[in-house]
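Undergrad: Could you have a look at this structure, given as structure tokens, before my questions?
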Amino acid sequence: MLRPVAIHCVVSTLLSLWALCNAQSDSSPPVIQLRLVGEKRKHYEGRLEVFYNGEWGTVCDDDFSISAAHVACRELGFLDAQSWLPSAKYGKGEGRIWLDNVHCTGGEKSLAQCHSNGLGVSDCKHSEDVGVMCNQKRIAGFKFIRNQANSEETFPVQVEDVRLRATYSQRKRVPITEGFLEVKDGGKWRQICNEDWTEQNSKVICGMYGFPGEKPFNARPYKSLAKRRKKNYWGSSVNCTGNEADLSECNMGRDIVLKGNSTCEKGMPVVVSCVPGRAFAPSVNAGYSKAYRVEQPLVRLRGGALIGEGRVEVLKNGVWGTVCDDNWNIRAATVVCRELGFGSAKEALTGARLGQGSGSVHMNEVECSGFEKSLTECSFNREALGCNHEEDAAVRCNVPAMGFNNRLRLNGGRNPFEGRVEVLGGRNGSMVWGTVCSDSWGTMEAMVVCRQLGLGFASNAFQETWYWQGDVSADAVVMSGVRCSGTELTLDQCLHHGKHVLCPKGGGRFSAGVSCTQMAPDLVLSAQAVEQTTYLEDRPMYMLQCAHEEHCLSSSADTADPTSYRRLLRFSSQIHNNGQADFRPRAAHHSWVWHECHRHYHSMEVFTHYDLLTLNGTKVAEGHKASFCLEDTHCDEGIQKRYACANFGAQGITVGCWDTYRHDIDCQWIDITDLKPGDYIFQVVINPNFEVAESDYTNNIMKCRSRYDGQRIWTYNCIIGGSRSSETEETFPGLHDNQLSRR
């Protein structure tokens, strides 16, 4: 029989043990779930939210650090963090602010292990919600677990990777448009049971792979193939609405009970089949392509370095204009991408990231549901007109894997962005690497090479590459006579000699080469300035000696009486740089040409062409302008001038600045002394020989209607190339493609 004292000791011991255990359980960190949500985001960035006690809440930015961001990103399955953003940069959250004054060392397994005020203890507002941007790479073998958020409908899909696994018969097709869908989870590739799969889910997958939509497929061969294969199903279904830009934005569906090969008894592994856009579909027979006229698009991309990216422009009343970035998001960007035959959007870019447009801003505060066939079907604010071109919206779209860069390479350069161009071509019945003949090689051809390799714009085209040691086995020329318009996706789409290569100089050190750049300038002439400053002047020949010496007068001036007069059509040209990089002459200081008569250097011998044409396009008078002084005359507010010609200074035009050649300087004219009265087209072309690479050449040309009665001249209806619909521009032949002899 136990004594009272002994009983008391046993009870005291049990109470102590219970208290100790309770204290230990209190000290273990609470189990939380994290997610990234918010506005204008990619799947690896967003407002950081915490799921605890059955409720999603946010994290305050007070004392938050990159170490805390690393912990959060690793908890979400990413390698680490790139950065973190305070002050609700991804929008304000709702509900509780679960964490405040978070202090992490960076080694914690969960954000809950970091020191903080305690869950739910905060003096913050949602204007202080923190956001994080994680490394895009996933942790290999990371196992995504839905713990507390199992019952939550908004739990997003989290997997390491996604792929379309084509059947043997489909693997040689380019692009691959159909196959079994597999997700990588826990380091292993797994199939998804198709019992709950929808067309909306397929549409999202197709968008990720660069295709605008999904299509039906023949399920019979896939069923027989699935029966023979060992299957490894994923433990969840997927629930997409169809307007998500990525699978990671879809929600998890119901849990799938895993039972080996009999897991999906009523179905089979998911198969996805996609429709490629026009530019990526197998080409139709050339004889049929001219039988119909391609419909005028309502939306286009301009200024992008790569396929499927650019500033968004829309057509309204026959005039192209830009879209303001207010409320611009991934959903609206995806509508644009799919409309143009690409997949969903990778990025919705704001702040004129891909260069500024010109003309009107046609749309502002665009709101899309994601299911529209065209951006023009989305709602927008017709009253809000306070935008300028510094707020032009742009997109980067998912494009199909075409393997373009497998047939082309750069060799011998100092970095991956330059080198001798080598192509995979046929020689003696086999495919070998060889060079490209440099005869007629220029900026347009280099542009296509850089785009095909995904390296951006061309900054230079080289006709000799002796200073780049390429692969000796690839010295032989396998491609010659290359002529590109600049819109081709690959070099072999350009005009070139067929099997019979012709290259007198040969390959080796005379091979074609390029250097590429991610950003380029974009020169645009002000049509308004030309219209407002055009006038006639009769000037005596003796005052035009220097201009005559620089070939600024028509050929009849060669035999003109020194006491005679020349009739000059004078005007000012105001040239803006709306691109992403400064416009610089290709020639360095030491190779500029000194002109003694005018006592100045020419950094570009032909900077602009001035011409008068008949209404059917025949040239009747001409002028040209060397860039004797290319400088920043004026700049937008807040931009510093960088280029000035004085004292043999650096020449160029800074982004956001413009150079004005005034009407009263030499050669700023067309000599119309021999012109008969009538109606004409007045044309100005900047950078006519494509000597300097630009992001958009269509806007380098301006055409006006002009009427001359023998005494006076009227200039009106000035149009910048590419600014009007194709129907409007038919009255100005060549306005789209800058129809000029380039070499």
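Even glycines carry a Cβ here, placed using N, Cα and C.
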Undergrad: Regarding the disulphide bond with C378, report which of C368, C387 TrEMBL records as its partner.
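TA: Of the listed candidates, TrEMBL names C368 as the partner.
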Undergrad: With reference to TrEMBL, specify which of the listed residues C114, C124 is paired with C104 by a disulfide.
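TA: That would be C114, the partner TrEMBL lists for C104.
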Undergrad: With DSSP as the reference, give the number of residues of the domain 'SRCR' (34-135) in helix, strand and coil.
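TA: Final tally across the stretch: 16 helix, 34 strand, 52 coil.
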Undergrad: With the domain 'SRCR' (34-135) as the reference, find which of 162-275, 299-398, 408-517 contributes the most Cβ pairs under 8 Å.
TA: 299-398
Undergrad: Within the domain 'SRCR' (299-398), count helix residues (DSSP H, G, I), strand residues (E, B) and coil residues, in that order.
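TA: Taking each residue of the domain 'SRCR' (299-398) in turn, the totals are 16 helix, 33 strand, 51 coil.
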Undergrad: Roughly how many angstrom lie between the C-alpha atoms of C368 (disulfide bond) and C240 (disulfide bond)?
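TA: Counting only the Cα atoms, the answer is 17 Å.
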Undergrad: Could you give the Cα-Cα distance between C378 (disulfide bond) and C240 (disulfide bond), in whole Å?
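TA: Cα to Cα, C378 (disulfide bond) and C240 (disulfide bond) are separated by 21 Å.
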Undergrad: Show which residues of the chain containing C240 (disulfide bond), separated from it by at least 6 in sequence, have their CB under 8 Å from its CB.
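TA: Those within reach of C240 (disulfide bond), by Cβ under 8 Å and sequence separation of 6 or more, are T198, Q200, N201, K203, V204, L247, C250, N251.
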Undergrad: Sorted by position, what residues of the same chain at least six away from C60 (disulfide bond) have a C-beta under 8 A from it?
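TA: Once residues fewer than 6 apart are set aside, C60 (disulfide bond) is near I97, L99, D100, N101, V102, S122, C124, E128, D129, V130.
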Undergrad: Can you tell me how many other Cβ atoms are located within 10 Å of the Cβ belonging to C494 (disulfide bond)?
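TA: C494 (disulfide bond) is surrounded by 19 other Cβ atoms within 10 Å.
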